Amino acid sequence: MGSVPAATPSVREICRAQRADGPAAVLAIGTANPAHCVPQDEFPDFYFRATNSDHLTALKGKFKRVFQKLGVERRYLHHTEELLRAHPEFLDDEAASLDARLDIVATAVPELAAEASKKAIAEWGRPAADITHLVVTTNSGAHIPGVDFRLIALLGLRPSVRRTMLYLNGCFAGSAALRLAKDLAENNRGARVLVVCAELTLMLFNGPKEGSFERLIHQGLFGDGAGAVVVGADPLSPVEHALFEMVSAAQTVIPDSGDAITMHITKGGFGGNISTREVPVFIGDNVERCLHDSLEPLGVGAKWNDLFWAVHPGSSAILDRIDTVLQLEPEKLAASRRVLSDYGNMFGVTIIFVLDELRRRLREQEGVGGAPEWGVVMTFGPGLTVETMVLHATGHMHASP
Ligand SMILES: CC(C)(COP(=O)(O)OP(=O)(O)OC[C@H]1O[C@@H](n2cnc3c(N)ncnc32)[C@H](O)[C@@H]1OP(=O)(O)O)[C@@H](O)C(=O)NCCC(=O)NCCSC(=O)CC(=O)O
């Protein structure tokens, strides 16, 4: 090996120079939904008519009773009655409909993802070509090249953007993507990471079925949407503004809960199980331990009501359980409840909508005497997996329009 010139830095020095100085931060947020809005009280009529099932009057009655308990007032859906008429195979879970579903989402998911991304990039204030990394997540598809690849052309990203595609992460997908973006931004000086989550529930649309409670939850709870976040460290003043600093991120599994939520691809779209009675109990029994594990190592000793909260609204029963265990004041989960009410559970997309709603609420609170500085993002999904992220709201968050 030849001799190394004296001026050559050590690997450690090179490594340090490659890292950002400050923490990763949320720099901008964008959201989008399909145009077709279905009020929850009109959904049973829409659903039973569109699936030629109006004769199942008892089942329809049960749908109506359970729908009222989910905490959802309206949802946006890509599938319309017209689309369903063109695809009678979507009504029958025994029919081989996967290819037709994948054909539809292959175009519709990237388009919705691009709509949310364009809003985030516009708010960020720099050109799309300045995005260095792309992290995309969806449960609605299984393609390669995938949504990440399609976004290069749809957004005008540089061909050398470093892409990571996460499929099938359930409802914690948004948090997983943000956690990855935090590590990318902090470990690559100057990195600007575009996180994109997009979901269409067409993959799990099916006709009603006697005795299948999951079917009822699938059709009544989940909605379509896309969310995008620009993440970066050391914002370039005066163009960029940190909204939330991403202080720490963690993931854990709840013991013995592996069967509580499952998802898999079948010839008829998605199969799987949601143990609706057990999921709120598992989460309630474990939420405090997960929070302590995240906050204690940081020395953030705030009481639960001194924090702001961005919690994945799996359903109102889950939020109620968290409220009870943590004894939260009513407004603490208000952003989560509002998103659940206005959009339904959009899998991993939901948490991005909650962050967007939360920043609006924190600004309003700041205007009337002070909003919390520290907060927690918490999401759940198959595993049962719990993702937590500790956030610090900046002055910019409170000041920007
Ligand atoms: C499903 C619920 C709305 C039901 O609310 P309640 O428990 O208050 O309702 P309830 O006990 O009065 O029941 C209302 C009716 O539903 C029936 N019922 C309730 N649970 C049932 C079950 N598991 N199986 C069969 N029937 C059931 C009751 O018998 C009753 O029928 P009758 O009226 O005929 O007497 C709630 O339990 C809930 O929100 N659970 C959590 C949902 C969940 O797991 N979300 C996570 C989504 S997944 C996610 O977010 C992450 C991811 O996917 O990755």
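From the backbone N, Cα and C atoms, a Cβ is placed for every residue, glycine too.
These figures come from a predicted structure and were not determined experimentally.
Quick look at what TrEMBL annotates:
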type	residues	note
DOMAIN	13-235	domain 'Chalcone/stilbene synthase N-terminal'
ACT_SITE	Cys171	active site, acyl-thioester intermediate
DOMAIN	245-393	domain 'Chalcone/stilbene synthase C-terminal'
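Cβ environment of Cys171 (active site, acyl-thioester intermediate): Ile261, His312, Gly314, Asn345, Phe347, Gly348, Thr350, Thr379, Phe380, Gly381 lie under 8 Å away, each six or more residues apart in the same chain. Secondary structure from DSSP puts the residue listed as 'active site, acyl-thioester intermediate' in a helix. Residue counts for the domain 'Chalcone/stilbene synthase C-terminal' (245-393) under DSSP, helix first, then strand, then coil, are 70 helix, 43 strand, 36 coil.
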